[in-house]
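Before any comments, here is the structure.
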């Protein structure tokens with residue numbers, strides 16, 4: 001790894017403890033190399049003399065800091081549970097690790113106690129600026145404190161993730177007091193985490209500031225485009241991060257989540273009363289329409305709120321006001337939030353709306369949020385696998401969320417919605433034929449259809465096309481769904497499954513069952529045909545109907561769908577012939593006697609045509625006079641070549657939520 005270094009800083013770091021500035025720089029890089037959980041791994045090279053060191057750790061930020069320290073001559077080369085070895089400008093020095101308090105979401109910092117070669121004991125601490133400045137003695141190096149604050153602001157303004165580093169030397173008495181408290185806490189059977197946190201807080205105080213670091217957290221490829229697509233699809237995007245407010249805002253702009261045209265509402269408060277007043281003022285601001293916008297237009301408002309304010313708002317009477325304000329905003333950006341606050345934000349939405357929530361994250365801090373959401377997605381990467389292990393879906397990059405939702409989400413919604421209606425229809429039309437027969441025969445014990453055909457109806461006659469079409473059919477191609485994200489709104493508007501469609505399907509089912517039952521009955525009214533024979537006609541008519549009904553709605557034809565639909569019809573005919581060829585079963589040879597009569601084929605054709613014409617007419621009229629966005633895009637796909645040659649655009653319907 002190549003790291004660009006500041007030559008002057010390298011020169012000062014070499015001066016060591018000789019000068020005050022050199023000592024601070026020495027301690028600063030020593031803290032970067034030591035205050036972490038990185039494990040150095042020696043890697044062999046083709047040259048047996050030359051060895052490389054690879055730093056392994058859960059946090060890429062820690063890896064970056066250790067690499068930076070190595071670039072300036074403070075190279076961590078060995079770590080055990082009891083000591084570390086650091087090569088400082090060619091001089092290998094051993095430091096005893098006397099104790100370590102790892103990072104937690106309450107303290108937002110970590111510390112390590114080192115026994116130095118000069119027999120002194122020092123504690124090095126690094127963490128978020130909001131917590132570090134509370135434990136730093138600002139009377140010491142006040143000029144460095146002010147300069148650090150200025151640097152932190154400039155770092156965060158350009159989107160860098162910042163940390164503050166501090167230290168202090170422990171006296172023998174302070175160290176012994178800490179060690180006794182630490183040993184008591186680690187051996188406690190109950191409340192160990194709380195006791196260790198208390199010990200760490202007592203240790204991490206009156207620190208001398210050493211400096212600050214800024215790490216560029218580059219956006220993954222395709223993140224701005226992905227967020228833009230999600231928002232175009234009508235999905236509200238909230239960002240919950242532990243970064244500083246300035247860093248979060250900078251990332252918001254770079255990811256196209258925030259725009260310069262937006263009105264920013266910022267809530268940073270330290271009391272419940274000030275939070276209440278800020279929320280009331282923000283509600284007034286959000287309710288007043290800007291010039292050129294309507295009162296219901298939230299596309300120009302962004303809410304930015306910090307974790308300190310959320311402490312007073314969540315689980316209080318102010319929750320309702322926060323939700324009302326958030327509902328009026330296009331973007332909500334929560335910064336400096338703890339993991340439990342992330343989960344609290346998710347629950348805030350789930351408790352007050354029927355909308356589904358999706359949480360996506362890549363680190364351990366996102367686990368609680370992922371588990372609370374309706375759908376949890378973990379991004380596998382350098383932050384570890386905790387998020388992936390706690391999620392419903394795992395992916396390698398954020399941009400893969402777009403095809404997951406806009407493509408596969410749309411396809412699955414369309415398939416599920418249609419298949420629910422189709423399976424109601426498929427079973428109801430068969431049962432209604434039996435019902436009309438029972439009604440017509442005054443509920444005698446005789447049956448209209450052979451028992452074997454009744455069993456095979458859902459096993460062989462109609463099951464395979466249902467499964468195949470439910471898996472393979474696609475109402476639109478991937479290209480169209482990605483090109484026009486607003487097509488995802490079909491699911492939000494419940495276009496594929498709603499109460500109107502259900503009752504229309506039931507009415508169509510009722511009509512088809514009446515046609516299928518009464519046309520054969522009336523056609524053979526004065527004939528001497530027996531019940532099993534006309535039962536075979538009813539069976540074939542219903543199977544023809546449901547499979548042709550399904551074929552009318554298939555969008556993407558392929559050989560598997562062709563084979564399943566037409567093969568099921570052929571399989572039904574074969575099964576009916578086999579059943580009527582078995583002497584011991586009722587209706588022996590019935591299909592052969594019936595199929596030899598031209599009336600059988602006339603009835604079969606009339607049933608299919610009369611049953612499906614109303615559905616065909618309604619579908620044609622709706623698609624011609626009131627097409628949905630999906631139907632418009634589907635027609636565009638059919639004439640894709642013509643549209644591309646004319647550089648045409650698709651005009652979607654205007655929808656309001």
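Keep in mind that glycine also has a Cβ here, set from the backbone N, Cα and C atoms.
Some features that TrEMBL has for this protein:
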BINDING   62, 103, 126, 161, 241, 242, 243, 336, 342, 365, 366  ATP binding site
BINDING   362, 366  Mg(2+) binding site
DOMAIN    388-628  domain 'P-type ATPase C-terminal'
TRANSMEM  428-449  transmembrane segment
TRANSMEM  455-472  transmembrane segment
TRANSMEM  500-525  transmembrane segment
TRANSMEM  537-557  transmembrane segment
TRANSMEM  569-592  transmembrane segment
TRANSMEM  598-618  transmembrane segment
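Distribution of TrEMBL features across the structure.
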| residue | record | contacts (Cβ under 8 Å, 6+ apart) |
| --- | --- | --- |
| 62 | ATP binding site | 36, 37, 38 |
| 126 | ATP binding site | 31, 35, 109, 110, 111, 132, 163, 164, 165, 166, 213 |
| 241 | ATP binding site | 248, 251, 333, 334, 335, 336, 337 |
| 243 | ATP binding site | 156, 161, 217, 251, 335, 336 |
| 342 | ATP binding site | 240, 334, 359, 365, 366, 368, 369 |
ATP site residues 62, 103, 126, 161, 241, 242, 243, 336, 342, 365, 366: biggest Cα-Cα distance, Å?
23
Under 8 Å between C-beta atoms and at least six residues away from its ends: which parts of the chain pack against the transmembrane segment (537-557)?
418, 422, 425-426, 429-430, 433, 437, 448-450, 453, 457, 461-462, 465-466, 469, 472-476, 512, 516-517, 520, 565-566, 568-569, 572-573, 576, 594, 600, 603-604, 607-608, 611-612, 615-616, 619, 634
If you count the C-beta atoms lying within 10 Å of each candidate's C-beta, which of the binding-site residues 362, 366 ends up with the smallest number?
362
Where, among 455-472, 500-525, 569-592, do we find the most CB pairs under 8 A to the transmembrane segment (428-449)?
500-525
What mean pLDDT does the predicted model reach across the domain 'P-type ATPase C-terminal' (388-628)?
89
So if I exclude everything within five residues of the ends of the transmembrane segment (500-525), which remaining residues of that chain have a CB under 8 angstroms from its CBs? That is, six or more out.
421, 424-425, 428-429, 432-433, 435-437, 440, 534, 537-538, 541-542, 545, 549, 599, 602-603, 606-607, 610-612, 614-615
Go through the chain and flag residues at least 6 beyond the ends of the transmembrane segment (598-618) whose CB is under 8 A from any CB in it; none is fine as an answer.
508, 511-512, 515-516, 519-520, 523-524, 537, 540-541, 544-545, 548-549, 552
